[in-house]
Amino acid sequence: MDVDKLIEAGKIAKKVREEAVKLAKPGVSLLELAEKIESRIVELGGKPAFPANLSLNEVAAHYTPYKGDQTVLKEGDYLKIDLGVHIDGYIADTAVTVRVGMDFDELMEAAKEALESAISVARAGVEVKELGKAIENEIRKRGFNPIVNLSGHKIERYKLHAGVSIPNIYRPHDNYVLQEGDVFAIEPFATTGAGQVIEVPPTLIYMYVRDAPVRMAQARFLLAKIKREYKTLPFAYRWLQGEMPEGQLKLALRSLERSGALYGYPVLREIRGGMVTQFEHTIIVEKDSVTVTTE
């Protein structure tokens, strides 16, 4: 593990997150904001570890704009900005919620305090369910619900989701014990809704999983490009727009997804249409505490 690269990725992620918050004003287009976030990451010496996720209101995650997207920010929107930076595969993952044109409110505070509470109990030897308990308590005591089917995640080199989850609720069977040197993203989501997300179209983010035989020449071309440029990290539909006509691109991606070569991440929406907030940091677990790389 290269701690220096993890720390540097975290510094870039923090800076870009803070700049993105200042840019999130009424009338700004999601496309413009996403492109600024991603190009700024590169300017500062990193690469996007995944597409900028810009999810509004009842959409909790996995929305990234496409070329031609007309969505603009409106006053009162809850905008989740979730961005990732990697240096040589060493990842920092961070998120913040902005209430566009308005002040910080209780729903935002619930997710932010939940994150801080979870970080304060994290250290080597602690079971992840204790972090889930801390998150759930902070959100529920403010009268909101944690989103039960979204969670934080272990991070490894070139692997955004490395198999272990940090739940946003207390679950007795979540007994993975944090180890010194583990890298985790902790990301509480709070909602005014039921506390559950469902998958809805469209799918705007994909990830390479494995090689698989596909007939379509365009699909083979696309797969080679994806492996070369993004390796095992998520990428945006938008990043491939312009590679071939739109209809062919959609067909090629569908064919690659069906074959198991790619995994698609549909947009995630709160099941009852409740408003959703999110805050996230990346931590390196130490013996008696953690290092927060994105703070």
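Cβ atoms here come from the backbone N, Cα and C positions, even for glycine.
Within 10 Å of the C-beta of HIS62 (substrate binding site) there are 24 other C-beta atoms, taking all protein chains into account. Under the heading substrate binding site, Swiss-Prot lists HIS62, HIS161.
Of all Cβ atoms in the shown protein chains, 26 besides its own fall within 10 Å of the Cβ of ASP82 (divalent metal cation 1 binding site). Residues or ranges marked as divalent metal cation 1 binding site by Swiss-Prot on the basis of sequence analysis: ASP82, ASP93, GLU280.
For ASP93 (divalent metal cation 1 binding site), the same-chain residues lying six or more positions away in sequence with a CB closer than 8 A to its CB are ALA13, ALA49, PHE50, ASP82, LEU83, GLY84, ILE155, LEU160, ALA185, GLU187, GLU280, THR282, THR294. The divalent metal cation 2 binding site annotation in Swiss-Prot covers ASP93, HIS153, GLU187, GLU280.
Ranked by Cβ neighbours within 10 A across all protein chains shown, the binding-site residues GLU187, GLU280 are led by GLU187. For the pair formed by HIS161 (substrate binding site) and HIS153 (divalent metal cation 2 binding site), distance between Cα atoms is given as 6 Å, rounded to the nearest Å. In sequence order, ASN53, LEU83, GLY84, THR94, ALA95, ALA185, GLU187, GLN278, HIS281, THR282 are the same-chain residues whose CB sits within 8 A of the CB centroid of ASP82, ASP93, GLU280, the residues recorded for divalent metal cation 1 being left out.
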